[in-house]
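Participant: Okay, handing you the structure first.
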């Protein structure tokens, strides 16, 4: 009985690892939240200069993904279902799990 239960738990765990993750959707949601936060704290005076927000994804085959010069990391996504990450120096995504095969950084620039 113990062997069957253990085998079942292992099968369930392996099936969870096989479920695909929609990283682009997750990064877009995080980016939109960040933009809303930035816009909520701007001055109430109309700007004479029109600003545009441009964003891109940067993929790395390691635990770190760096944004291009002049861009800021607004969110991260990590491989092997790692949900633990941090942004360092405003432009580097660092995945905090022990085993990670890729990292995405959502990089944006307001110009």
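Glycine too: its Cβ is placed from the backbone N, Cα and C atoms.
Okay, so Swiss-Prot annotates it like this:
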type	residues	note
DISULFID	55-108	disulfide bond
DISULFID	67-107	disulfide bond
DISULFID	76-93	disulfide bond
DISULFID	78-95	disulfide bond
DISULFID	82-97	disulfide bond
SIGNAL	1-23	signal peptide
Participant: I want to verify one value. Collapsing DSSP to three states, which class is residue 82 (disulfide bond)?
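Facilitator: Note: residue 82 (disulfide bond) is coil by DSSP, not helix or strand.
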Participant: I need the nearest neighbour of residue 82 (disulfide bond) among the disulfide-bonded residues 76, 95, 107, using C-alpha distances.
Facilitator: 95
Participant: Residue 76 (disulfide bond): which of the disulfide-bonded residues 67, 95, 97, 108 have a C-alpha within 10 angstroms of it?
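Facilitator: Matched disulfide-bonded residues: 95, sequence order.
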Participant: Below 8 Å Cβ to Cβ and six or more residues apart, same chain only. Which residues does that give for residue 55 (disulfide bond)?
Facilitator: 31, 74, 106, 107, 108, 109
Participant: Which disulfide-bonded residues are spatial neighbours of residue 67 (disulfide bond) here, meaning Cα within 10 Å, out of 78, 95, 97?
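Facilitator: Of everything listed, nothing lies within 10 Å of residue 67 (disulfide bond) (Cα to Cα).
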